[in-house]
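As given in TrEMBL:
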TRANSMEM  27-49  transmembrane segment
DOMAIN    42-293  domain 'G-protein coupled receptors family 1 profile'
TRANSMEM  61-87  transmembrane segment
TRANSMEM  93-121  transmembrane segment
TRANSMEM  133-158  transmembrane segment
TRANSMEM  197-222  transmembrane segment
TRANSMEM  243-266  transmembrane segment
TRANSMEM  272-295  transmembrane segment
Amino acid sequence: MPFSNSSELSPSFILASIPGLEAAQSWMAIPLCSAYVLAVTGNCAVLLVVRMEPSLHAPMYFFLCMLAAIDLALATATVPRILSFYWFGSREIGFGACLLQMFLIHTLSAIESTVLLAMAVDRYVAICHPLRHAAILTNAATAKIGLLAMARGVLFFLPLPLLLLPLPFCGSRVLSHSFCLHQDVMNLACANTTPSVVYGLTAILLVMGLDAVLICLSYILILKAVLRLTAWRERLKVFSTCIAHICVVLAFYVPLIGLSVVHRFGKDLAPLVHIIMGNIYILVPAVLNPIIYGVRTKQIQRRILSLIHVSDR
């Protein structure tokens with residue numbers, strides 16, 4: 001579907017639909033909307049509980065609040081637009097809106113990756129250097145890490161939309177997802193995209209790739225410290241403090257890797273696979289993170305139950 005001359009100056013894109021299931025999209029939006037409501041409710045509950053519970057005013061839970069805020073922002077930047085498409089048939093998204101959404105998705109993902117690395121370092125210091133934990137990870141240091149994570153995400157991923165801005169789009173304008181991703185938009189350009197390809201891959205490797213390596217290194221050092229303990233019960237007790245973080249890391253990186261694999265090697269896959277993987281990448285961490293920490297943290301459980309009990313009265 002070629003662009004007209006006027007649209008070449010300010011092109012728009014068409015969000016992906018599932019061939020043959022267009023009539024059922026309004027029904028398919030119901031589980032998506034339910035997952036979004038669950039994500040918003042769960043992450044808002046985490047923010048509220050940590051704010052109200054003095055015993056949770058510690059670096060690990062401040063990082064958890066950062067994750068909750070990131071997940072809320074990421075889901076809100078994408079899901080309402082997808083629902084407007086599924087329910088009201090609004091498939092077209094403007095060039096500027098697409099670039100903004102793309103920037104938010106990649107930047108927020110980079111910030112989340114940095115926060116997950118900071119949480120891994122927190123677990124390493126708490127287990128391997130417990131006497132120095134309070135002195136190293138103070139509230140001021142935690143706030144600085146949060147600001148550094150934001151600056152890192154913006155600086156690394158702001159060039160992505162800027163590199164796409166001057167490119168002409170004169171061929172197909174149909175995306176392979178219901179939202180805008182860098183590689184998806186880049187593939188629609190009818191010009192040399194080598195700088196964009198090289199920079200995008202470099203940014204992902206230097207942020208998400210490096211963070212994943214450092215998280216693995218942190219857990220290797222943690223395992224060495226745990227194995228030095230003599231009693232199995234003590235080993236399990238110490239390592240159990242890391243279970244929630246490990247689950248959250250997997251909930252973030254597994255969908256990220258899956259989506260990357262689909263983009264790189266899944267050009268012949270059915271459109272449904274691309275759409276499902278994209279929605280999993282956006283919603284799975286946002287839905288699972290508050291559930292994981294709610295199950296693993298007794299203080300969060302007690303505070304949520306007390307809030308439910310008060311509301312029932």
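Just so it is clear, glycine is given a Cβ too, placed from its N, Cα and C backbone atoms.
Caution: TrEMBL annotation is automatic and unverified by curators.
Listed by sequence, the residues of this chain that lie at least six past the ends of the transmembrane segment (133-158) yet keep a Cβ under 8 A from its Cβ atoms are 57, 59, 62-63, 66, 103, 106-111, 114-115, 118, 122, 125-126, 203, 206-207. Using a cut-off of 8 Å between Cβ atoms, the transmembrane segment (27-49) and the transmembrane segment (272-295) share at least three residue pairs, counting only pairs 6 or more apart in sequence. The list of residues near the transmembrane segment (197-222) in space but at least 6 beyond its ends in sequence, with Cβ under 8 angstroms from a Cβ of it, reads 106, 109-110, 113-114, 116-117, 120-121, 123-124, 127-128, 152-153, 156-157, 159-160, 163, 182-183, 186, 239, 242, 246, 249, 253, 256, 260. Proximity of distant same-chain residues to the transmembrane segment (272-295), defined by a Cβ-Cβ separation under 8 Å and at least 6 residues beyond the stretch ends, is recorded for 16, 18, 21, 32, 35-36, 38-39, 42-43, 45-46, 64, 67-68, 71-72, 74-75, 78-79, 82, 105, 112, 176-179, 181, 244, 247-248, 251-252, 255-256, 258-259, 262, 266, 301, 304. Within the model, the domain 'G-protein coupled receptors family 1 profile' (42-293) carries an average pLDDT of 91.
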